[in-house]
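Written below as C-alpha cells is the structure these notes are about.
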C-alpha cells in the first residue's frame, strides 16, 4: 500500500462497553468547534497544557471550546518528564478547586505524553473521576496515549508507579500540529509505530520501511495511516486485556530496557520513544539469542530505527558494572514480578511472547548493545 | 426484634459483578488466620495502620497473615484527619517501592476511616491498582467504609477531593476491636447507623431507639445487627449506583452540613461522625421547613442522636456572619453543582430525596440550629 493512495482522515473506534470512545485522526481538527460536539454539558472546561505547547495551540483550543462551555480555564504546567510528579499534578487540582469546578467539569489534555498522563490521572482522581478529552500534540502521544487508558505520575523510585486505568471520552489527533514537532520528537513517535511491526504485523512493518521518508517529511496521508494502524493494533490488544493482566504486556516491547535507560540517565535526558527504540533493538537481540528469530530481522529492525533517527545503541549507565546497573534498574520495573525479570520478546516475526530470561544472557546482550 | 435474639456473627455480600466481595462481621476474626484464606497469592503484604491502632492490633494481624504471605510489611501513619493528605499517602508508596513490591502485593487497611480511605486510594493508584482488604477498627469505618468503594485524600481546599472508586477484596469487621474504641468514637459511628433510619428504614430506626443502651454498652449481638443492617442498606443503594450519579447521593444525608462543620472548625476538631450527626439534625429541620416531615420526627432524630452522645447543635463558625460562612463552605462541597446547593432531605419517614433549597431557608435553619 502506498502513502499516496491513503486518505488523511480516519477514525478508530475503541470498544470498551460503556467506556468506548473514538479516536479522530485528521488535519485541522484541534481548532474546529465541531470536534467538540456531543461532549457532556458542563459549566466549566479546563485545558491542561505545558509551557511549550500552550503558546502554540491553547488559544486555538480555547476558541474552539467557546461555543460549548461557559467557562474555560487553562493551566500551564512546566514541560518535561521530570515534572511528571505529584507537585505538578497538584497545580491541576489547585486550579480546579480554586475555581470551585464541580464533578461535571471536562478536562482537556493538550500536549504530549506527560501532559496526557497527568491530565488523565487528574481526571481519574478529581472528585473520584471527571470526564476528559485527549488532544495529543506529539506523534508518540497520538499513537501511544490515545489507546489504553493508562494514566500516571512518576515516583522518585520509579516511573509511572502511581496512576489509574482511566479512559478518555474522545481523542483528537490533529495531523497539522505535527508540523511544529521537533524532528527528534517525530523520531521518538516513530519508535512506538515501528514497534507494532515485529510484535503484531510484519506487513505494516514493510509498509513503514517503504514509507519512512514520507513519514519523516510529515506527509499527512502517510502519518494518518501509520497512526490509525498503530491505534488499531493497540486497541485490538487492549480490548482483550484492559487492565494488563496478560496479553497487553506485549505492548511493552522495548520498554523494559527503555525504562532502565530513561531512569538510569535521569528522566528527560532521552525521550521516552528514544528509550523504547533502543530497547526494542536490545529486545530483538535477546529474541535472537534465544533462537526465536534470525539475525536478519534484528538487522531490519535496527536499520529502520536508525533511518527513523533513533538511537540503536544503549548508553553506558555505569562504567564499572554497566550490565549490573541495567539489571538493578529493571528490578523496580512494574513488569518485575516476584523478583524475576520477564521480557517481551519477538516469538516469531509479527508475534510477541513474554519470557523469563537467564540473567547471564541479559548481561551479555547489554554488553553487546551498549556504546 | 431484641438484641438478645440476635447472633454476633454474620456476613453481607456486596454484589458488584467481578468486583463483588463479602463483609464478615464477627468476634475475633482479625487475629484468625482463617479470615485471610482465599486471597490472591502474593509474595508481599503491606499492613497500613496508624500510631493509635498499630500498637493494639498490628502484631495480631501480622501473625494471622504469616501463613499466607512470605513477607509482611507494616507502615504506621500519623493518626488523624489532618494527615489524610498526599504527604502521608507518599509514606505508603515509599515503603512499597523501597521494598520493590510488585503489582500482586495485597494491602491491608488496619484502622478507621482515614486509614481505610488512604489505603484504598494507595491500592487504587499503586501501579494503577493492587488488591486490598479492609480491617476497619472503628464502628464508623465498619458501617461506612465497608461498602461503597470510596477512597480519597483531602486537599487543602476541600475534603475527599482526590480519590477513586475502588473496591476491596474483603472486609473484616471484628466486633472485639470495638472494645478499645473511645466512647466518643463509638458515638460517631452510631451517627452513620442512625442515619439509615430516616432515609431508608424506620423500622431499623425504632430498633435502634430500643437497643441504643445495648449498642452503647458494646453488646456484640446488637452491634453485629446494627452493622449488618447498615451495610445491607448501603449495599442496596450503592449496588444501584456504584459511581454516585444519582440515588447514591442519599447516603450523604447530614454530610453537607457535616462537611461544612468539619472544614470550618479545621479537620480533626470534630469527628466525621459528629459532623454527620449534627448535620443530620440540621437536614431534618430543613426537611420540616419544606413541609416534608413533621416536627415530631425531627425531635425523635434529635433525641436519639443526643442519647447516642452526639452533638445536636452546630458550632458557630463565624461570629459576624455564621450562616454566610456555612454557605461559603458548602459551595466547595462535591454535591454543589453549577453553583447550586442541593441537600439530601427526608422526603417522608424512611425515604430520602435530593432537593435544591432556597438560600434564605438554609440561612434560617443554620441560625436556628447553631449554638
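Here the Cβ of each residue, glycine as well, is placed from N, Cα and C on the backbone.
Copied over from TrEMBL:
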- A:75-187: domain '3-dehydroquinate synthase N-terminal' (DOMAIN)
- A:79-84, A:113-117, A:137-138, A:150, A:159: NAD(+) binding site (BINDING)
- A:189-336: domain '3-dehydroquinate synthase C-terminal' (DOMAIN)
- A:192, A:255, A:272: Zn(2+) binding site (BINDING)
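Shown on the structure are the features that TrEMBL records.
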residue : record              : CB count, 10 Å
A:79    : NAD(+) binding site : 18
A:81    : NAD(+) binding site : 20
A:113   : NAD(+) binding site : 24
A:115   : NAD(+) binding site : 32
A:117   : NAD(+) binding site : 24
A:138   : NAD(+) binding site : 27
A:159   : NAD(+) binding site : 22
A:192   : Zn(2+) binding site : 27
A:255   : Zn(2+) binding site : 25
A:272   : Zn(2+) binding site : 27
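Taking the mean position of the Cβ atoms of A:192, A:255, A:272 as the Zn(2+) site, the remaining same-chain residues with a Cβ inside 8 Å of that point are A:140, A:144, A:191, A:195, A:254, A:258, A:273, A:275, A:276, A:279.
The two recorded residues residue A:113 (NAD(+) binding site) and residue A:272 (Zn(2+) binding site) have their Cα atoms spaced 9 Å from each other. Look at the domain '3-dehydroquinate synthase C-terminal' (A:189-336): DSSP puts its residues at 106 helix, 1 strand, 41 coil. Residue density at residue A:83 (NAD(+) binding site): 21 other Cβ atoms are found within 10 A of its Cβ, drawing on all protein chains shown.
Checking each of the binding-site residues (A:192, A:255, A:272) against residue A:159 (NAD(+) binding site), the C-alpha distance stays within 10 Å for none of them. The domain '3-dehydroquinate synthase N-terminal' (A:75-187) scores a mean pLDDT of 95 in the predicted structure. Residue counts for the domain '3-dehydroquinate synthase N-terminal' (A:75-187) under DSSP, helix first, then strand, then coil, are 46 helix, 34 strand, 33 coil. The separation of residue A:272 (Zn(2+) binding site) from residue A:138 (NAD(+) binding site), Cα to Cα, is 12 Å.
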